[in-house]
Every structure is written in C-alpha cells, then in structure tokens.
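K.L.:
Grabbed the feature section from TrEMBL, which reads as follows:
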{"type": "COMPBIAS", "residues": "182-210", "note": "compositional bias 'Polar residues'"}
{"type": "COMPBIAS", "residues": "232-243", "note": "compositional bias 'Polar residues'"}
{"type": "DOMAIN", "residues": "15-157", "note": "domain 'Vta1/callose synthase N-terminal'"}
{"type": "DOMAIN", "residues": "266-302", "note": "domain 'Vta1 C-terminal'"}
{"type": "REGION", "residues": "176-246", "note": "region 'Disordered'"}
Amino acid sequence: MAAAALPALPPQLKSIQHHLRTAQELDKREPVVAYYCRLYAMQTGMKIDSKTPECRKFLSKLMDQLEAMKKQFGDNEAITQEIVGSAHVENYALKMFLYADNEDRAGQFHKNMIKSFYTASLLIDVLTVFGELSEENVQHRKYARWKAAYIHNCLKNGETPQPGPIGMEGESFADVEKEEAGSSSLHSGTTQPTSSSTYEANNIPTSNYSGIHIPPGAHAPANTPAEVPHNTGVTSNTIQPAPQNIPLVDPSLYSAQSAGEVRLTPEDFARAQKYCKYAGSALQYEDVSTAVQNLQKALKLLITGRE
C-alpha cells in the first residue's frame, strides 16, 4: 500500500516516531501490523497533543491513512475483529522476539538482532490498543528493550556481550539516539525507510533481569521477520523449512471427561475463542508449536471448564 504523505512530525509527538517508522517498514509484508502501529501512534498522539494546529494537522492526516487502510483491507478479519488483530500482532511480536533471543543465546550479536529486539518491544506497545498488557508481555517488553540497549552499547564500546538472561543494570540509549538522529527522523508516508536500526531512550528499565522467564530460543524461526525476503524469484523447492520443536499432545486430553455438568461462562467461551484465534494466527507463520499449544488450551478449557 502506498501510504499518503504525512506532514512533518511535530516535536511534541516525537515519542511516536519509531512506531510510525515501523509501520512504514511493514507496509508491504505485514499491512495488518502496520495498520495497528499507526492506530497506536494516533491514539498516543491524541493523548499527547491534539489541540495545537501542527499536531492536529498531523493526526488528521494519520487518521486519513488509517481510514484508507481500513477500506483497502476491510475484508481482513484481523482488521475487522480486534481479537484476531490482537493475536496477529502478538504472534508477530513474539516471532521477532524469539528470533533475537535465539541469536542472543547463540552468541550471534549483530545490528539486525538488536533491531529485532527493539522492534518487538515497540510491537508490544502496540498491543495496548487492545487493552491492558499481560504481565508476560510487560516483562518481554522490558527485557527486549534492555537487551537491545545492552548489546548495542557493548558492541559500540568494543566489548563482548554476555548471551542470554543475565543480571545487568539498565542501559542508556542516549548515544544511540545521537548516532541515529539523521536516520530516525520520520519522513513522508511515501518515503521508504532505511534499513538502519533505530532506538529510543524512553522507559529503559533499571531492574535486574537474571530471574526473568524468557521463552526458549530453540523455538525461534530461522529468519527474522525484519529481513524475510519476498518475491526473490527463488523456486520454492530450494528453500528448506526450519525444523520445529513440536510439543507433545497432552495425553490426558484423549481421555478427559467432563467433571459432571461443566458450566462454561461467557468469559470461558471468549478465552477458548482467543486461543483458537492465536492458533490460527500462528499457522499463518507456520509456527506449529504455538498453534498446538493454543489448541490444547482451548480443548482443555471446553472439556473441563478449567485452564
């Protein structure tokens, strides 16, 4: 989609520039995620300043972009149904996070991995358009931002980062912002962004993350979604799919019996539906492990009334 040009970003709205930049980068390969990045930016911008003329003009143009995208993708369930959209964005964020985490644990430190960590944290920001973040996503966002800062600063200073979760204090993005100032400014919606990674200094945690629970990197896909090639002309039989660790089906589900009359509440049905939507979204990324896990959760809830 060729997004309509935006006016210059007012200084008051600087905090949303990276979410808008991420939207530009994803317009072609992930328009649904791009749509919600812009929706988050608009909602956040409205809270910051919707009264001054320059901000009102910018947000009005951004709203026009959203309306155009909604019209173009109006038959896409991920746009018309929030529960599907939430699952789609969350799965994409997790896929990007797991790629970066896998590279980190393997000691493969590079700019694209840093960018994937930080972009994953931006996409978890975007999930707030659907409601309050889960505690797990809050922790993933903090960890991803901290890891991006820590690894970047290590490489900048000629140091070797320590892989995996470690007890480290928060890192500052001040130097990174200074270096990236030329490339991180937001251009019009028709301008293709550069591939250089961009970061922001806001909300960098200072906590110790030595005990944080992070999904195992072994489940990460072979390619980062930030760099997956499209329409390269390579025939499909030359591309070997990455091996996946498929979870075993819980044997208790085969013989599970309803405990008397199971009374499912509307909330139970909503949770079961959410698990099924998560599974469907995971399959779009050929992520069998996540799909199986979520389908098992839905089945257990429907059979036993418990999660």
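Quick reminder: no glycine exception, Cβ is built from N, Cα and C everywhere.
Automatic, uncurated: that is what TrEMBL annotation is.
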K.L.:
Could you give me the DSSP helix, strand and coil counts for the domain 'Vta1/callose synthase N-terminal' (15-157)?
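P.N.:
Across the domain 'Vta1/callose synthase N-terminal' (15-157), DSSP assigns the residues as follows: 120 helix, 0 strand, 23 coil.
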K.L.:
What mean pLDDT score does the domain 'Vta1 C-terminal' (266-302) have in the model?
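P.N.:
That stretch averages a pLDDT of 78.
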K.L.:
Take the domain 'Vta1 C-terminal' (266-302) and count its residues per DSSP category (helix H/G/I, strand E/B, coil), listing them in that order.
P.N.:
34 helix, 0 strand, 3 coil
